[in-house]
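Step one of this worksheet: look at the structure below.
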């Protein structure tokens, strides 16, 4: 009976995350295709499109690697104890997740610098140079994510050496708990990645909100429709959606740490369902806040 419960729970989890991952991958693949077709036609991409393209790619890969890891851990858990498989799965998950986080933070920073109006000399310098800085920011995000991926690989490799002989059925549970304890450093590493990029998003939102408020005060005497105000509000909506996504993701990460050793609990299931929904839902919000992507999507839909 216990075996049946675990199997049905596992099957339900795999079915739901497969649906969520497929939908999220389709949405991000749509962003990648539209931007790449535009790139081929125009032979160039603007800074906003470069960031969106990399964000779409990192979310697509992040969803696929997370789905593959979940599929293996639920359906074929023994395969994760074959030497390089677990380490590689953790490396790809950490790398693509942090790429997603940092590129998201770059997009928020880009919106803030492009749209906010401040008379500060350094801010004006950034406004002029931001388009040249974007490729370097994206490269920096990739290098940072790669570093975190390598550290996560290294953390995962350590308990694996200790557990290589623990493949008997009796030792399997003990090895599992031992691995969970070893994974706490990687949780803290992920927490650091989230916290640092979350701070960048909060600062971008605060600057943009302050700029919007100041601009509104200046424009109160002018009854004309103001384009800068519209741009501020559109950017604010995008950044607010990032803030909501980061906050919920952060809560999920903390809950995941709390429930890490409680395999098969409904709370773990809910956390996983939420985490797989974020990349797709948020990319959908980005599509509807970008006129070009929105127009293309509405053409495709019946």
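Backbone N, Cα and C atoms are what each Cβ position is placed from, and that goes for glycine too.
Residues 49, 52-53, 55-57, 59-60, 63-64, 66-67, 70-71, 74-75, 269, 272-273, 276-277, 279-280, 283-284, 286-287, 292-293, 296-297, 300 of the same chain lie 6+ residues outside the transmembrane segment (12-40) yet bring a C-beta within less than 8 angstroms of a C-beta in it. The transmembrane segment feature in TrEMBL is assigned to 12-40 (among others).
Annotation source TrEMBL lists transmembrane segment at 52-76 (among others). Long-range neighbours of the transmembrane segment (52-76) within the same chain, counting only residues 6 or more positions beyond its ends whose Cβ lies under 8 Å from a Cβ of the stretch, are 10, 13-14, 17-18, 21, 24-25, 28-29, 31-32, 35-36, 39, 45, 85, 89-90, 92-93, 96-97, 99-100, 103-104, 107, 138, 141, 272, 275-276, 279-280, 283, 286, 290.
Non-local neighbours of the transmembrane segment (88-113) in the same chain are 47-48, 51-52, 54-55, 58-59, 61-62, 65-66, 68-69, 72, 80, 123, 126-127, 130, 134, 137-138, 140-142, 144-146, 148-153, 155-156, 186, 189-190, 193-194, 197, 200-201, 203-205, 207-208, 235, 238-239, 242, 245-246, 279; each lies 6+ residues outside the stretch with a CB under 8 Å from one of its CB atoms. Per TrEMBL, transmembrane segment is recorded for 88-113 (among others).
Remote same-chain residues near the transmembrane segment (134-153) are listed as 47, 50-51, 54, 87-88, 90-99, 101-103, 105-106, 109-110, 186, 189-190, 193 (criterion: CB distance under 8 Å, separation of at least six residues from the stretch ends). Sequence annotations record features per position, and here TrEMBL assigns transmembrane segment to 134-153 (among others).
For 187-210 (among others), the entry in TrEMBL reads transmembrane segment. Under 8 Å from some Cβ of the transmembrane segment (187-210) lie the Cβ atoms of residues 94, 97-98, 101-102, 104-105, 108-109, 111-112, 115-116, 118, 148, 151-152, 155, 232, 235-236, 239-240, 242-243, 246-247, 249-250, 253-254, 256-257, 260, all in the same chain and six or more residues away from its ends.
The annotation transmembrane segment is assigned in TrEMBL to 239-260 (among others). With a cut-off of 8 Å between Cβ atoms, the residues of this chain six or more beyond the transmembrane segment (239-260) that come close are 104, 107-108, 111-112, 180, 183-184, 187, 190-191, 194-195, 197-198, 201-202, 204-205, 208, 267-268, 271, 274-275, 278, 282, 285-286, 289.
Look at TrEMBL and you will find 266-289 (among others) tagged as transmembrane segment. Within its own chain, the transmembrane segment (266-289) is flanked in space by residues 9, 13, 16-17, 20-21, 23-25, 27-28, 30-31, 52, 55-56, 59, 62-63, 66-67, 70, 100, 234, 237-238, 241-242, 245, 248-249, 252, 255-256, 259, 297, which lie at least six positions past its ends and keep a Cβ under 8 Å from the stretch.
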